[in-house]
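Structure first, then comments.
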Amino acid sequence: MTAQDQTDHTRYRRVLLKVSGEALMGRRDYGLDTDTVAAIAQDIADVVAMRVEVCLVIGGGNIFRGISGAAGGMDRAQADYMGMLATVMNALAMQSALEKRGVATRVQSAIPMSAVCEPYIRRRAERHMEKGRVVIFAAGTGNPFFTTDTAAALRAVEMKCDVLLKGTQVDGVYSADPRKVADAERYAELTYHEVLARDLSVMDAAAISIARENDLPIIVFNIHAPGAFASVMRGEGKFTRIVEQR
């Protein structure tokens, strides 16, 4: 199948993938698992080969979570800034893994740190993606009290993405954690209102609200299932879709 054929079989032109920091831990309790990072990078490379424009937001919970630091007595804003720096570390690790697979990648940080990455500039990020480069947005929104889920929704809207994908540890949204509740119900499709009304642990309310106000579909899938990202691009496999109306 040629690259053009692959493009014709995908549903989306430009997408944002949100990956939690915890997803990069693999079976570790802390930090980065290089095999897991490599596997996710390969899945991203496969989607780039389909000529889909890809950007990413990566969390930092595998290294530091601001809200946990605040719970331990640390100033919340200070703790959140530490969490933002953790996302930069994860972004650099993913950039390295992608470039080893021949995927041109740029990291843009909402907190300028010119020695290691570019500052976040919306139009520059768009140009990178138009040229087939992956762009990883680091440091969240650059402001404390906002999660990386909110940053993902914000960047997806700014980049005019067709869909926001959240790669998680399970294959969609459930009524309860399926790893703890055997009979948890899996949803194939939900509305933004249902997610908020049922208090489902998908994304925080701010992220859902941004998506809803801008008619941005959200797809939740298992980031650890090999090839799942590419399958979702073709409308295949198991996932949950969140939209305005079912």
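Positions of Cβ are set from backbone N, Cα and C atoms, glycine also.
What you are looking at is a predicted structure, and each value in this text was computed from that prediction instead of being measured.
The DSSP secondary structure for T168 (ATP binding site) is strand. Residues within less than 8 Å, Cβ to Cβ, of T168 (ATP binding site) and separated from it by at least 6 positions along the same chain comprise S20, A23, V220, F221, N222, I223. Among the features that Swiss-Prot reports, ATP binding site is placed at K18, V19, S20, G21, G61, R65, T168, Q169, Y174, D177, with the record citing sequence analysis.
Cβ neighbours within 10 Å of T141 (UMP binding site), excluding its own Cβ and spanning all shown chains: 21. In three-state terms derived from DSSP, T141 (UMP binding site) belongs to neither a helical nor a strand segment and is classed as coil. Taken from Swiss-Prot, the feature UMP binding site covers G60, D80, T141, G142, N143, P144, F145, F146, T147, T148, and the record attributes it to sequence analysis.
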Where the record names K18, V19, S20, G21, G61, R65, T168, Q169, Y174, D177 as binding ATP, the maximum Cα to Cα distance in Å: 24
Fewest other C-beta atoms within 10 angstroms, as judged across G60, G61, which are the binding-site residues: G61
Local Cβ density at Y174 (ATP binding site) - other Cβ atoms counted within 10 Å: 19
Separation of alpha carbons, N143 (UMP binding site) and G61 (ATP binding site) (Å): 16
